[in-house]
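J.: Okay, handing you the structure first.
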Amino acid sequence: MDNPQALPLFLLLASLVGILTLRASSGLQQTNFSSAFSSDSKSSSQGLGVEVPSIKPPSWKVPDQFLDSKASAGISDSSWFPEALSSNMSGSFWSNVSAEGQDLSPVSPFSETPGSEVFPDISDPQVPAKDPKPSFTVKTPASNISTQVSHTKLSVEAPDSKFSPDDMDLKLSAQSPESKFSAETHSAASFPQQVGGPLAVLVGTTIRLPLVPIPNPGPPTSLVVWRRGSKVLAAGGLGPGAPLISLDPAHRDHLRFDQARGVLELASAQLDDAGVYTAEVIRAGVSQQTHEFTVGVYEPLPQLSVQPKAPETEEGAAELRLRCLGWGPGRGELSWSRDGRALEAAESEGAETPRMRSEGDQLLIVRPVRSDHARYTCRVRSPFGHREAAADVSVFYGPDPPTITVSSDRDAAPARFVTAGSNVTLRCAAASRPPADITWSLADPAEAAVPAGSRLLLPAVGPGHAGTYACLAANPRTGRRRRSLLNLTVADLPPGAPQCSVEGGPGDRSLRFRCSWPGGAPAASLQFQGLPEGIRAGPVSSVLLAAVPAHPRLSGVPITCLARHLVATRTCTVTPEAPREVLLHPLVAETRLGEAEVALEASGCPPPSRASWAREGRPLAPGGGSRLRLSQDGRKLHIGNFSLDWDLGNYSVLCSGALGAGGDQITLIGPSISSWRLQRARDAAVLTWDVERGALISSFEIQAWPDGPALGRTSTYRDWVSLLILGPQERSAVVPLPPRNPGTWTFRILPILGGQPGTPSQSRVYRAGPTLSHGAIAGIVLGSLLGLALLAVLLLLCICCLCRFRGKTPEKKKHPSTLVPVVTPSEKKMHSVTPVEISWPLDLKVPLEDHSSTRAYQAQTPVQLSL
């Protein structure tokens, strides 16, 4: 009987034996799955030295072969009882959980090795591939054992049970080798079998697939069947003496089945050995467990290179292909990136025909563009590391149409124009790879030396530099040429600023407004704003005139002239006003020769009014070489070399025009002081003074005499000492004195006009008194307060006595020499009057001005009161 025919017969016999064994032992043992087992001892792990609480269910034994793992918490399989079957439980099975800190043996499917970037030497040919799914934990309430379980596929089947993976509420927590383990077991769930994640092995190495935990070989006997896909590789009983039922003839040479532990090994792995391996554990037909292993077989990482090594193409070409040499099937996963960014997902996602796509070991770039100029990298990655190779792709293009830009050291917007005299720079740029060669064609054909390059400098441009400039760009790689033109405009701003004025027309019946800004290239455009409707206000070049009928409503209305030029836009404003509050102000200035120049300025006389000047009622005729002259607008009269003997007197001005008239007059007098005061300060003297409106003064001299002049003695100018010289606008001065011995000082103020002294002020004497100390000041304050207190007490006593005297009625006879009563009450209250007796003769030093008054005047003679 061959192996395929013997396998079903063996399965049937194993099921019958398991059922009979189960029924025979159902009355001998009972297990309460809802009770919790407490651990009363600790067992030391053989490999790690970890203390694990031992769990002692009745008559459980752990075979010696299960203790080979480095850290184990073993729980023997229990027999199945009818009580358990009647409660919808197919039975419980216990598994060995092996852990070694956080790392297991290299061949264990549970081990998880972090993937490194490059593995030039592979020391372990079999490593678990990274599992992107997170691990889960299983917790059983009774056994108080915990460990970390990686992701695995596990199915448990029992013909007579209602067990499902949803019934398990399991949690296993991985701890360090020195930590303690605890586990709890639910009464309604059995401990699950577990396997590791996907395995990765190199070609020629051994694939080892273990069963973890190792099934209990005790009765009933377990049957293990290994498959790859639907093909049976090996089948046999689990245990040292169990028969081997089947072994795949095609893999007999390199296939080994360890029946003691259920481990399947395939030596000299090839690429076609990759796939999903399944292990089925059948125990007498009562339960069935399925373990799945995903195995990947890889060749060693190859040496890579990209061909061509320096790829070049032009923008708009049909295609460009890059090949990753050294890669082949089974050598890992191939991917492409551009400047470190993955290409496949970004380029092909959502595109019907992606412009970049991978075809085998090649990268195809359809219709390359300039942005494809980058560094391309092919990368091969496997669980054993990765390798990569790169190449720089050059995409030539251009030139694009050149762009000419203008910059000037004076102009903010030179693209429209540049001002004459400025330094102008022309720059030409054209997008091109490789960079394009730039040449210029100037507007001036007489210019022979034209420099090559992207920048053209035009220093101090003038009208001759205006015109058209051409920039030519040529790509030496593609052979293409492009040309662009620029029209350069050179503008010359008119000098100065626009000037506005208004004057009266003939007979003061109209107002004539004028705006001018001559010169410049091109000429400025002038236009009035604010004129009444119907008046022509421009625009006109250079000079603009406008006549408006005179009307009082024009007074105070600003008229603006807007002057536009290529370089700048400027304005000037004139406001016609009627004369109002005309006032003359004298101004004094001193020349270098010491002469005084007096100017009379008329305020409140705006244009279009005209000023007419007169002295003592006679019109003045300035000019003609005389000392009198007028300002340009006629509102200021200048009198040169002013003389106190000839030029003093009355001056007047009359402002008249189309909008009204007004005037003012002033009397010019020599320098003098109208009044002044001398105040005392600490270690200083303070002087303040005033002058009259028409007084002409160019400076003030503060003069002093240290000891003061004798009474009746006349003093000259030389006897006084000048302490300070102040300007004509000053009206006060502070003169510091010696702090220790200030003494007696005599001060006066001398006004001066040019070099001509005026009338000095009256002299005042400054006497410095003794300065009180802080103690004296405090004594004065305290004495004042005490005096006020005594005065208040005396006043209170007087009030009390007065109230007492008023309460008594005197019955004494009237004295014949009684004076007028102090208080004159009405006739009905004569009993309250107190007479005053004075000894004669009475010498009154206070005159009695009004005898009818009710006031009583106090005399210096003794006064006797009748009580």
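Backbone N, Cα and C atoms are what each Cβ position is placed from, and that goes for glycine too.
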J.: Cys378 forms a disulfide with which residue in Swiss-Prot, given the options Cys324, Cys471?
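T.: In Swiss-Prot, Cys378 forms its disulfide bond with Cys324.
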J.: Taking Swiss-Prot as the reference, Cys471 is linked by a disulphide to which residue in Cys428, Cys515?
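T.: Between Cys471 and one of Cys428, Cys515, Swiss-Prot records a disulfide, namely with Cys428.
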J.: Specify the secondary structure state of Asn650 (N-linked glycosylation site) as given by DSSP, simplified to three classes.
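T.: SS state of Asn650 (N-linked glycosylation site) = strand.
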J.: When neighbour density is defined as the number of other C-beta atoms within 10 angstroms of a residue's C-beta, which of the glycosylation sites Asn423, Asn487, Asn641 has the lowest density?
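T.: It is Asn487 that, of the glycosylation sites Asn423, Asn487, Asn641, has the fewest other Cβ atoms within 10 Å.
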J.: Calculate the per-residue pLDDT averaged over the topological domain 'Cytoplasmic' (798-867) and state the result as an integer.
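T.: Here the predicted model's pLDDT, averaged over the topological domain 'Cytoplasmic' (798-867), is 42.
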J.: Sorry to bug you, but what's the C-alpha spacing from Asn423 (N-linked glycosylation site) to Asn487 (N-linked glycosylation site), rounded to the closest Å?
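T.: Distance between the two Cα atoms comes out at 17 Å.
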J.: According to DSSP, folded down to helix, strand and coil, what is Asn487 (N-linked glycosylation site)?
T.: strand
J.: Can you check which residues sit near Asn650 (N-linked glycosylation site), meaning Cβ under 8 Å from its Cβ, same chain, 6 or more apart in sequence, and list them in order?
T.: Arg615, Glu616, Gly617, Gln665, Ile666, Thr667, Leu668
